[in-house]
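**Student:** When I checked Swiss-Prot for this same protein, it listed these features:
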COMPBIAS  130-155  compositional bias 'Basic and acidic residues'
REGION    130-282  region 'Disordered'
COMPBIAS  156-181  compositional bias 'Low complexity'
COMPBIAS  182-194  compositional bias 'Pro residues'
COMPBIAS  195-211  compositional bias 'Low complexity'
COMPBIAS  271-282  compositional bias 'Basic and acidic residues'
BINDING   380-387, 427-431, 481-484  GTP binding site
REGION    405-409  region 'G2'
REGION    481-484  region 'G4'
Amino acid sequence: MSDSQDQDRKAPLKLTQPGKLELKKTVETGQVRQSFSHGRSKVVTVEVRKKRTFTSAGGAMHEIKDGVHSVAEADLAAAVAKVEAASRAASAHDLTTGEKAARAKALQDALRHEEEVRARAEEEAIRHAAEEEAARAAEEEAARLAEEEAARRAAEPQSEPEAAAPAAEPVAPTAPVAAAPAPAPATPVAPAQPKPVAAAAPAGDATAVPRARTEEEEEEEERAKKRAAAHKPAPVKRTEPRRRTGKLTITDALTDDDRSERGRSLAAVKRARERERLKHMQKGSEKVIREVIVPESITVQELANRMAVRGADVIKCLMRLGVMATINQNIDADTAELVVTEFGHNMKRVSEADVLVGLEGEADTDEVLFTRPPVVTVMGHVDHGKTSLLDALRATDVVSGEAGGITQHIGAYQVTMSSGDKITFIDTPGHEAFTAMRARGAKVTDIVVLVVAADDGIMPQTVEAIRHAKAAGVPIIVAINKIDKPGATPEKVRQELLQHELVTEELGGDVLAIEVSAKKRLNLEKLEEAILLQAEILDLKANPTRAAQGVVVEAKMEKGRGSVATVLVQKGTLKVGEVFVAGAEWGRVRALVDDHGNSIKEAGPSTPVEVLGLQGTPAAGDDFVTVEDEARAREIAGYRSRMDREAKAKLAQRGTLEQMFSAIKSGEAQELPVVIKGDVQGSIEAISSTLEKMGNENVKVRILHAAVGAINESDITLAKASNGLLIGFNVRANPQARDMARRDGVDIRYYSIIYDVTDDLKKMLSGMLAPELREKFLGYASIREVFNITKVGKVAGCMITEGTVKRGAKVRLLRDNVVIHTGDLGQLKRFKDDVKDVREGYECGMSFTNYEDIRVGDVIECFEIEEIAVTL
């Protein structure tokens, strides 16, 4: 026992009571209910921070408090002391740590509850006191005003207005509502003086006051009310900012009164929004002028959306314009322009062809142009040594060296002369690319070298080549080949050229004729000099610094390389990696290969190259243009593909030759191009001479080519390029030509009698002439009465005086023998029934289309317009 007491004495001193070391909360929290207008309130959490100090008393640490501020705090202190005493007593009984923590928590909950109850009680007391004070102040103010008014009324009947004014003046000073005790001593002072006066008034004259309540007294009473309203206490100036933000403190919560700013109610917010909406509606919305983009065809709904109007309004506008359309119906750009103008917007017309705008670039100035090599096409009969001449010219290329047997990789190549000048040659067997390029109006070839054998002279295919060159509008240089043969007669060739309007320099013309021998390599230098001289006369120049443009000479699909196009660059410089468009195809340049099979990085003007990287295979003769990015290339290629599909669809729908020449009827063309193929030369000459005599100053037949033999692919290509007619006299087309004609839409006519040819051609030429319009008189009608019909307009009641009046005919309105209107007859009725015509002596009702200025006594002249076909 003594040992245990010794151990208790030796126990070290602790800063807290025995048990687990804990920290009590130094921040007490509570909740305060904050009130708003319309009976709304919300609970706000507040915090109170305390500074706690402890001292040692009786071997344990106790908290030192500043003092008990209220009875509740004293009770709490006593309760805390009891709990601490109980805890010390319980420590002797070995309480567990969990029990100690539970008791401590229960104590804290009790303290917090007491604090909340006290805070709510104080808040309620303060609020009730403020309400009672405000009510008492309002009652005192009302009583004071009533006494002053009574005193003023009593003083008015007396002849002392001077005394009444000082009595009312003490009311003028305003006092704050918060100063409630101030009016108490002032209340008996104000009416102290008027009381004897009010009592003396009935003593002197009892009926004076009732008689005094006249109109003047009522007016004075109104003025007193206005003065009282003017002297109302001024509102308390708000010292706090509106829409207070931040944390609510205990002081603000306990001292809350009516002066504090309250939040806006939901009803006030709704009223403000309604006022703004009404103000916006009353002000009226200003019309917004928009820029409406209108394509070639647009639906009514889409047009309404772009103008930001209702579709029904657009339909009404179309009805006023005489167009009946539904919401989903397409209208043309002209009608859409009228609608947009009617609504007051600005219109911008666009077309699908706008994607091609700016594709060719701007025109080059003379400062940026440099001389470029000429592009030469070698043409002629296959047996006249054209291939041998090409091989001989290629062998003179100083770049290729002495080997000479260089394989030609592409259909075009470039030769460098000994002088350093370059010439680009294009090999066009069959002339497919040449005619296709002419059809697109592309002037690819600068000079044509016409090869004619000195021993054979002019052959049918030579004549065909001459016509191709003339159609392209390029100068011709005649190369008279095979002069080394014994039977060569160059002079005969020059004489035969005169029949085809080619006059050589030896005969006084301007056509250069060079006598050469491809086999013996004679006068090749003279031919090259003649080409360079002609190029110098043409002054061929190009800008090498701009975006590349050119033409596709030929295109093919190769295994392992994909689509490969042979391109002749005309302007600019083509580089690897550039994006380009070739006809309806596009791609990116993956590689450039020259005519010697070498890969190059770029190609300048008049340079033929192979281009790899196409997405598809273009057609020979398509234009080749580089663009800025792939998006533009896809857009252009897509547009051209659609145009090609539409053109093919139109060709498939075309059934007669008259439909093919519908454009000619509208005045777009005045010539009928024809290609003639026959069995014998005599028949061809007869047909040609007959067709050339046809026509007049307005229309005529243009013979593109006339030869003996079957119809082949070259004839189809020539007819397609010129959009002409192909005539076969006692001959037929081979299978390849038929397939090509079916694909390209070329019309082939077969004949066996020459008179049938002349009759059909005469009808075609007559169809090209515009028909003659002739007026046919129908009758007269006199207007006897004018009726105004609802939803119809003015209707003329007429009597037919001469001839017949037909529905749908043309009419003239005559007034005093002067024509004042010419238009169409809209309606023709007899006894409310629509009739086709009305004869002389009958009455009828007539209305005019889009015209209502009709009067009694006017005369209506009815007539028809007849189209008379013009014949040759």
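Cβ coordinates are placed from backbone N, Cα and C, and glycine is handled just like the others.
Let's see these features in context: how buried, what's close, how far.
**Tutor:** For the compositional bias 'Basic and acidic residues' (130-155), the number of residues in each DSSP class (helix H, G, I; strand E, B; coil) is 26 helix, 0 strand, 0 coil.
With helix defined as DSSP H, G or I and strand as E or B, the compositional bias 'Basic and acidic residues' (271-282) counts 12 helix, 0 strand, 0 coil.
Lys386 (GTP binding site) falls within a helical segment according to DSSP. All chains included, 24 other C-beta atoms sit within 10 angstroms of the C-beta of Lys386 (GTP binding site).
Predicted-model confidence for the region 'G4' (481-484) is 87, expressed as mean pLDDT.
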**Student:** Per DSSP, Ile483 (GTP binding site) is which: helix, strand or coil?
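**Tutor:** Ile483 (GTP binding site) sits in coil per DSSP, no helix or strand.
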**Student:** Applying a 10 Å Cβ distance cut-off over all chains shown, what neighbour count does Asp383 (GTP binding site) have?
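**Tutor:** Taking all protein chains shown, Asp383 (GTP binding site) has 12 Cβ neighbours within 10 Å.
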**Student:** Just counting, how many other CB atoms are there within 10 A of the CB of Gly380 (GTP binding site)?
**Tutor:** 25
**Student:** Secondary structure at Gly380 (GTP binding site) (DSSP, helix/strand/coil)?
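**Tutor:** Note: Gly380 (GTP binding site) is in a strand by DSSP.
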